[in-house]
Amino acid sequence: MGSTEEETNTSKPVSLYDAALPTTPLLSKPTTSSTYLSPPIEEPAQPDPSEPDPTQFLQISFNYGPRPFKDLPFLILFVLLVVCTFAFGIFSIFHRNTNYSNVSSFTYDSNSTSCVQDSSFLSNSDWVFEISLVSLSSSSLWTYLVWTLVITLILSVPIWFLLLFLLKHYTKQIVYALIPFFIIMPIFFDVYWFVACTLTSSCSDAFPLVYRILVLVFVLLVVGIIVWIIVSNWQRIELTVRIIAVASDALSRNLGLFLVIPLLTVGLVIYYAPIVVFLVFARFNGKIVAKESNGGYTCVWKQDSWVPAYYTLAILTMLWSLTAMVEAQVYVISGTIAQWYFSKDDSKPKRSIRSSLRNAFGPSSGTVCLSGLLICAVRLVRAAVDSAREEDVPGIVNLVLRCCVNALLSAIDFLNKFTINFAAITGEAYCTSARMTYELLKRNLLSAVFVETVSTRLLAGVIFVLSAVYAIVVCAILHGVSDLGVNAYIVAVLAWVLLIIVLGFFVHVLDNVIDTVYICYAIDRDRGEVYKQEVHEVYVHLPISRNSRSSFPTRTFGV
């Protein structure tokens with residue numbers, strides 16, 4: 001646009017692989033000296049097969065075409081576990097022993113040296129089930145509790161969309177207006193509880209003054225930590241606000257995710273239902289045997305030897321299914337947002353959610369299973385390490401092992417970061433996606449361990465304040481229209497917990513949108529293109545990876 005050819009060449013973005021190009025003209029003027037001996041022509045070095053081909057990284061883009069199946073062994077393993085769980089579960093139903101609940105009606109017969117049922121036993125034992133909830137025995141309380149939770153669940157849907165609208169258009173105003181309440185709310189509840197408990201005789205008797213003061217001081221210390229976090233990250237808040245606004249805009253253009261992601265969760269619950277039934281009926285597989293005790297024999301229940309193994313199989317299958325479903329949701333979110341990002345016009349791509357679902361549960365299902373397996377293994381090992389730490393086993397060997405395990409788990413978390421997002425965009429296998437993601441971010445001077453924790457903390461604070469305000473309103477309404485008394489606080493707390501869970505799901509979706517947009521921005525930088533100008537204007541201010549600053553030339557793109 002009005003510039004010379006020389007200026008165009010100098011403004012061209014520097015590529016990673018420009019250093020491999022010849023620096024002298026291909027045709028040079030021959031020398032007239034007869035004594036000049038030309039150096040021998042060196043053959044180009046053969047590329048190392050172990051090194052990644054640099055040309056593959058230049059073609060990173062969203063894969064709209066048919067995708068081949070990846071990581072099939074892990075999909076086959078997952079399907080095999082599910083089939084075994086259901087097969088043995090069905091077997092446990094038909095193989096159950098109906099005498100499980102009548103063990104007490106069997107007595108030892110010395111003639112047959114076995115347990116036989118006493119015919120005089122009344123099978124309809126007088127079982128008394130007392131449902132006693134502390135101060136929750138009135139039927140009116142259950143009525144108010146059920147209606148409050150149902151209304152909260154219904155109102156959570158418009159609260160979702162209202163929060164998304166406010167974060168899209170008024171992010172800065174909302175965040176800066178609610179930040180003071182991150183401090184005011186905990187202090188208010190802490191002081192209110194301290195005063196109310198002091199004035200109430202039952203509470204003051206249950207909690208002596210020393211305990212009340214300790215709780216008061218502990219909460220104030222937590223508030224002090226929150227203040228320190230806010231002050232130490234104050235310079236990043238402005239950038240975080242803009243990142244949240246960009247992510248909210250992307251999410252608002254794909255509102256179908258608010259229907260699909262909860263439906264996937266409902267599908268997981270439906271999938272869990274028969275497994276829970278199988279676990280219940282597995283307990284009924286066994287027989288009544290005679291056991292010697294104090295010189296006599298009693299009849300006891302003995303489970304079949306395969307029942308504990310089935311419990312282990314079913315529980316591991318449920319855990320793997322849970323983590324795989326979480327990764328499938330991340331895959332669907334990433335694929336949908338990436339299609340919106342790489343669309344040239346502002347219109348939403350057609351069938352973006354449908355294609356993401358088809359890829360997640362089709363060609364990339366093995367990748368999703370592998371990612372879920374790694375996360376499941378990390379969670380189990382980390383739980384075991386935490387349990388061992390609570391036991392406080394002495395010894396330097398135990399300390400070294402814990403450090404090594406924590407380092408390994410951190411490495412796996414590092415490997416898994418952004419991998420499923422990248423796989424949703426390109427359709428590559430898990431290991432390939434992990435390697436290419438790291439190389440992509442490293443080439444573009446972006447941190448491979450970038451986690452916008454400030455955005456998660458801010459969003460968590462926002463939903464905490466909104467839920468707390470909602471709980472206060474619920475408590476005030478219950479005090480005005482009912483005679484629940486102290487029980488109104490219990491109902492309000494349960495409504496607060498329910499709204500926290502629902503809005504926490506919203507934060508989970510928005511966090512994945514932020515990560516996906518980050519990867520799409522890195523691909524843009526790598527290709528020297530600008531698909532979404534508003535995204536580049538925000539993400540260009542992200543900190544540069546210090547480890548890569550000296551290894552790669554600076555690449556600048558017009559944003």
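Placed from the backbone N, Cα and C atoms, the Cβ positions cover glycine too.
These features come from TrEMBL:
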type     : residues : note
REGION   : 1-52     : region 'Disordered'
COMPBIAS : 21-40    : compositional bias 'Low complexity'
TRANSMEM : 72-94    : transmembrane segment
TRANSMEM : 144-167  : transmembrane segment
TRANSMEM : 174-195  : transmembrane segment
TRANSMEM : 210-234  : transmembrane segment
TRANSMEM : 255-281  : transmembrane segment
TRANSMEM : 310-338  : transmembrane segment
TRANSMEM : 458-481  : transmembrane segment
TRANSMEM : 488-510  : transmembrane segment
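Between the transmembrane segment (72-94) and the transmembrane segment (255-281) there are at least 3 Cβ pairs closer than 8 Å, counting only pairs 6 or more residues apart in sequence, which means the two stretches are in contact. Remote same-chain partners of the transmembrane segment (310-338), defined as residues 6 or more beyond its termini with a Cβ less than 8 Å from a stretch Cβ, comprise 62, 78, 81-82, 84-85, 88-89, 92, 250-251, 254, 256-257, 260-261, 264-265, 268, 271-272, 275, 278-279, 282, 352-353, 355-357, 359-361, 364, 368-369, 371-373, 375-376, 379-380, 420-421, 423-425, 509, 512-513, 515-517, 519-520.
Of the two recorded stretches, the transmembrane segment (458-481) does not lie close to the transmembrane segment (255-281), with fewer than three CB pairs under 8 Å once pairs fewer than 6 apart in sequence are set aside.
Residues 174, 244-245, 248, 251-252, 258, 462-463, 466, 470, 474, 478, 482, 484, 491, 494-495, 498-499, 502-503, 506, 510 of the same chain lie 6+ residues outside the transmembrane segment (144-167) yet bring a C-beta within less than 8 angstroms of a C-beta in it. Across 210-234, 255-281, 488-510, the stretch most heavily in contact with the transmembrane segment (174-195), judged by Cβ pairs under 8 Å, is 210-234.
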